[in-house]
Amino acid sequence: MMEQGKIGGVQLCMVMYPTIIATAILSLPSMAAEYAGRDMWITPIWAFIAGAASLLIAIQLNKMYPKATVIEYCESILGKVMGKALGFLYLFFYIHVSSLILKEYGNFIIGNFFIKTPMIVIVASFALLCAYTARGGIEVVARTASLVTPFAFILLMSVLILVTPELTPTNMLPMFEHGLMPSIRGSLSIHSWYSEFFIIAFLLPYMHNRDEGMKAGFFTLLAVMITLILVNLGALLLMGEETAHYIYPLIGVARTISVAGFFQHLESLIMVLWVAGTFVKLSMFLYACTLGASQWCGLPRYRIMALPVGLLVVILSQWGQPRLQELDHFFNTAVPYYLLTMQVVVPFLLLLAALMRRAAK
Amino acid sequence: MRLLMRLLHKWSQANQKNNSRPENDKPSQEKLTESYTANIRMIQAVYKQCSDVVFRPFQISGHINATIIYISGLTDHEGIGQYVLIPLMQGSTALDEGIGNLVEKSLPVSEVKPVNTIQDCVNHLSIGHAVLIIDGHRQGIAIAITKTEKRSVEEPQAESVIRGPREGFTETLTVNLSLVRRKIRTPLLKTESMTIGRYTGTEVVLTYIEGLVLDELLKEVRTRVKSIDIDGILETSYIEEMIEDKSLTPFPRSLVTERPDVVAANLLEGRIAIFVNGTPFVLIVPISFFSLLQSPEDYYDRYIFSTATRWLRYVFLAMSMLLPSLYVAILSYHQEMLPASLYFSIASSRETVPFPAIVEALIMEIAFEALREAGVRLPKQVGSAVSIVGALVIGQAAVAAGIVSAPMVMVVAITGISSFMVPHYAIGFTLRIIRFPIMLLAGMLGLLGVIMGILAVLIHVCTLRSFGVPYMSPLATVEQKDLKDILIRAPWWKMNTRPSLTIDRNIHRQPAARRDKRIQDEQ
Amino acid sequence: MRVRPMLLKAGGVFVLLVLASCTLSGCWDRIEVNDLATITAVGIDQYSDNLIELSLQIYTPPQGSSISMQGGGSKGSSSQNQSTVISATGINFADAVSKVQEKVPRLLFWGQNEVFVFSHSAAKQDIAGHMDYILRVPQIRGSALVFVSRTKAKDVLALTPQLRSSSADVLEEVSNLKIGLAMSAGNFNIMLSSSKGTAIMPSIEIMPAPEGQPQKRYPAITGCAVFKDSKLAGYIDDNITRGVMWFRNEIDMATATIVTEDQGGIISARLNRGRTRLKPRISNGIWEMTVGIDTREILVQNTSNTDVAELKGTRIVEEGLKQEIEKRMNRTLQIVQKKFEADVFGFAEAFHRKYPKIWNKEKGNWEEIFPHVQVKYDIKTVIVNPGKRTVPTNRMEGEKG
């Protein structure tokens, strides 16, 4: 076994929670509002399905192969050649998604706060930090997450609480005036975020106790859902349907906070919160990439792959067009299907194949 | 030419001899012989040029030659006269039954040991015992009759408390051990002694409570300490650095304390305390980061007060690391974060300052550190006056001269005060050092730089282990039970369990109303 | 391994190079506070038909040594004005901003700006265009307040009022007091976009200086400007604005004065708390709005013979207040609903919420429907306490009420 560390249920929560919501809270409200209008707050509830699906499938697969991660049991299920091919696909997928995260991070920071700084500095330094964490292994990832996540959570809740005086509750009404379809359509992109739960497949083999993992996973799913609902509500009740016209609604929300005339202009806190959350997310993803890469190549230790994988992700994130609109377009159209396929459909097929194999024995 | 070569050869050989293993300058393992004069001569040869070694020949019962050898300054002269010379000179003993008889009947000294080799003699002499060599006997007698100058037990300077015992360790090992024995009376308190240091021969004692300590931990510590091969151990810091897990980090991974009650409390939690003769500072391993942030008063004051103080301490700790960086970051990158009135007053006060915020901050911080360090060296009477007046006057003058702005002086002052909130000196220094890279990052990337700095420190700290115990436990580990002593200070009637990472078997301090399930140890 | 020390050395050199390049090339976004031109207010005038004039009120810190050891800050010593106004013309907002920057030796800093003043003519021309710049650029705060000035915005910015450090400060603080309407750029935009160009914005006028201090003229909020089709349509005065605030549930400070008929004299009451609820109703094709108002009032002056300490007297006064409020609101309706035909009350939202299906059918015709919406009132006034006194001060000893 390459990875010697073990984590507990609480740590699993701490890692998975920011992994899902870090990128979601930023642009989710506007994406949901675009299709769902006033019903955007309910979209996270529909998307629960995708999350539960990927979680359940990951758990089932882990039950069958308790000590293996995705890359490893691909081979066990599909045989050497197909398994390696699928493993490579997953590897590529995760590296690609990591680079997308990095790209979004860079765009956000540079677009809103550090306009003149070159993208490569921001992105590379951040990736270095996350690669260093991934290099330390699952325990370091989990420990840093346990320290960072509560802080980010408190910050997020404070922002949402402090903004309550400015909210107009009636912005929510009328509910479902066009039926349920708009909210379901708006939830499509959220489905894709939830499906990132599948990365738990890299964590489950290293748990002290798998039942704890299952409980923690569902608890996290619930927590994610509630958080997203609250964030959506915050944006909706403040800005109404205008939310769809802002690229990063949460910044607009933070801008209106003014407590006692003193705590104002706190949008940089959003940056703090977001950097913390994305740090955990990217560390987790880079860890998955590193572990996956070393397992695929059959290396005895994975530590050494951390920095090269990080470098690869940085370079990959700098490819493609530098326009924010391109990234947005990609997220709105192709990404939902891409993510859902790789993280729900394919695992489901894997599960079926594994079941068939077992039945055949 | 050949002469030259021969000279070179001789010279290199001579050098090699100097670098050779210093086993050669240890006195031989030769045994004492029957010959009285030969023995004396051998010992004299070892202690050539040592004027403080006294050889006092006399006659036992008037007819047997004997010499008592001792190092003046380490032994009790009066005691030797009274308890050794008088009984032996005046008594009438027969030595036919051997030395044992002599010892039993004539030497009213509590600790007496036979010695057989020169090495033994030397060892005993060096710790202040007197050695008696008797004509006609192959063995010598080492008599423990030491008296050395020692400091009395006083309150430790660096760790004073308002409520709690005021004893502190001294430089004498026996006194220190006794202070701990007085607090922990059970015979399960073990004190393993070993001698380390080729020239200093320092006695190092490992103390632990059997039954509470993990066996593997004990074995590991013992191995590491025994494997130290160095010329001298003068202070526990030598040992500390030699036995730490190898890792480049400014964070200390053992606790150093001068207080017996701290040592006793840690022993009760299953840790190991390492005493070194000659220093009042005792090493405690293994520890977590949070042990370094606790002061003994936390446990002596009432729990609500202690909880509040703890939180204050954490807040000020964060401030001491981050305040200058935040100041630099906000002023250089995120000016909109300041409330309007504060913004305008800072803007107007910075008009005359020629430096950018980051340079100003660095100048002030470095000056402050220098002041602090210099203040330590000043004699007591001058010290306090200079530090207070100096800081105030220098700060004011700097502001008036337009070198720094008034808000910066405030920031530095608050930072300085917050850094004094940390109870242990070592970790305080670490946090002060970390402040500088974070300041530089803040100057480069603003608030983002600060976040990245904090994250980098966090990651680093999460990778550390102290003898297998993760450094950031229990905040970042599996067991949430231990948080009761970190986030708050639970009242004593709630402190049912010991910290789970160093305990395996004996987890309960006191019987709880409802016993908790046995928790498993993290590997 | 022999390779390891070599790699470490190479890595170390690389890291050093990276660090050096980071620090030597300068920090890209770092800017010193002294290198910023802090904008405290923005004025937009219409220079000519297709040019606007942008005026920026920029904070000028006092030059020379202001660091005093005597404990007085630089701010406390002078309440004199510390700003200058710089203007430039341009085709649109963005263009004008770049022209202003050319005139200013420091970088324009929008982060502390909370006030936008549009002149009458600029607001008439095209308000939505200016809003776009304000809400699009990341550094500009969308929560800043917006005003329309009846005179030139530039003049407003140049004022040096007495009680505050700049005219921007005056406007901010007065808005906080909520005597008149307070509208932020973000909310204004929401109003504009959700109702096809109908919106409302507070309007300001320059008040004459107090006696003996001709320099100290100051701006004051005197009513509102009504926008239709994203263009300035007209002004409403103070009292009408108060009525609008009643409708919008934004009323905070109001004093109502009534004349009692039978007892003679005047009674004034101040609002302590007021809440408005809009209850829409559509029946048989008739659109109705019942405005429910709950208020709590405190008596402030009584020069009539009514003894308000007694319940009977209180009821009389409450009834009088009720009618006064209704009168005020009707007056408002006259102007805003009938004359301007501008739905700034939020009626559309109310109908939408309650009757979504009908709304979706009819929303295209809202422009015609709104002026004919029948408004009914359901007002409850409660005088919670009569102040510190019971009987009026003009009642003599021995007199009875």
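Glycine residues also receive a Cβ, built from the backbone N, Cα and C atoms like all the rest.
Copied over from TrEMBL:
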| type | residues | note |
| --- | --- | --- |
| TRANSMEM | A:7-28 | transmembrane segment |
| TRANSMEM | A:40-61 | transmembrane segment |
| TRANSMEM | A:81-102 | transmembrane segment |
| TRANSMEM | A:108-132 | transmembrane segment |
| TRANSMEM | A:144-164 | transmembrane segment |
| TRANSMEM | A:184-204 | transmembrane segment |
| TRANSMEM | A:216-239 | transmembrane segment |
| TRANSMEM | A:269-290 | transmembrane segment |
| TRANSMEM | A:302-320 | transmembrane segment |
| TRANSMEM | A:335-355 | transmembrane segment |
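In this chain, the transmembrane segment (A:7-28) touches the transmembrane segment (A:144-164); three or more CB pairs sit within less than 8 A of each other, excluding pairs fewer than 6 residues apart. Within the same chain, residues 51, 101, 104, 108, 138-139, 141-143, 145-146, 148-150, 152-153, 156, 189-190, 193-194, 196-197, 199-200, 203, 206-209, 212-213, 215-217, 219-220, 223-224, 227-228, 231-232, 247-250, 274, 276-278, 280-281, 284-285, 328, 331 sit at least 6 positions outside the transmembrane segment (A:7-28) and bring their C-beta atoms closer than 8 Å to a C-beta of that stretch. Contact between the transmembrane segment (A:184-204) and the transmembrane segment (A:302-320) is absent: fewer than three CB pairs lie under 8 Å, with pairs separated by 6 or more positions in sequence. For the transmembrane segment (A:40-61), the list of distant contacts is 20, 29, 32-33, 70, 73, 172, 183-184, 186-187, 190-198, 200-201, 204, 210, 213-214, 217-218, 221, 224-225, 228-229, 232-233, 236, 243, 340, 343-344, 347-348, 350-351, 354: same-chain residues at least six beyond its ends, Cβ to Cβ under 8 Å. Counting only same-chain residues 6+ beyond the ends of the transmembrane segment (A:216-239), those with a CB under 8 A from a CB of the stretch are 9-10, 12-13, 16-17, 20-21, 24-25, 28-30, 32-33, 38, 40-45, 47-48, 51-52, 55, 58-59, 156, 159-160, 163, 166-169, 171-172, 190, 194, 197, 200, 246, 249-250, 252-253, 256.
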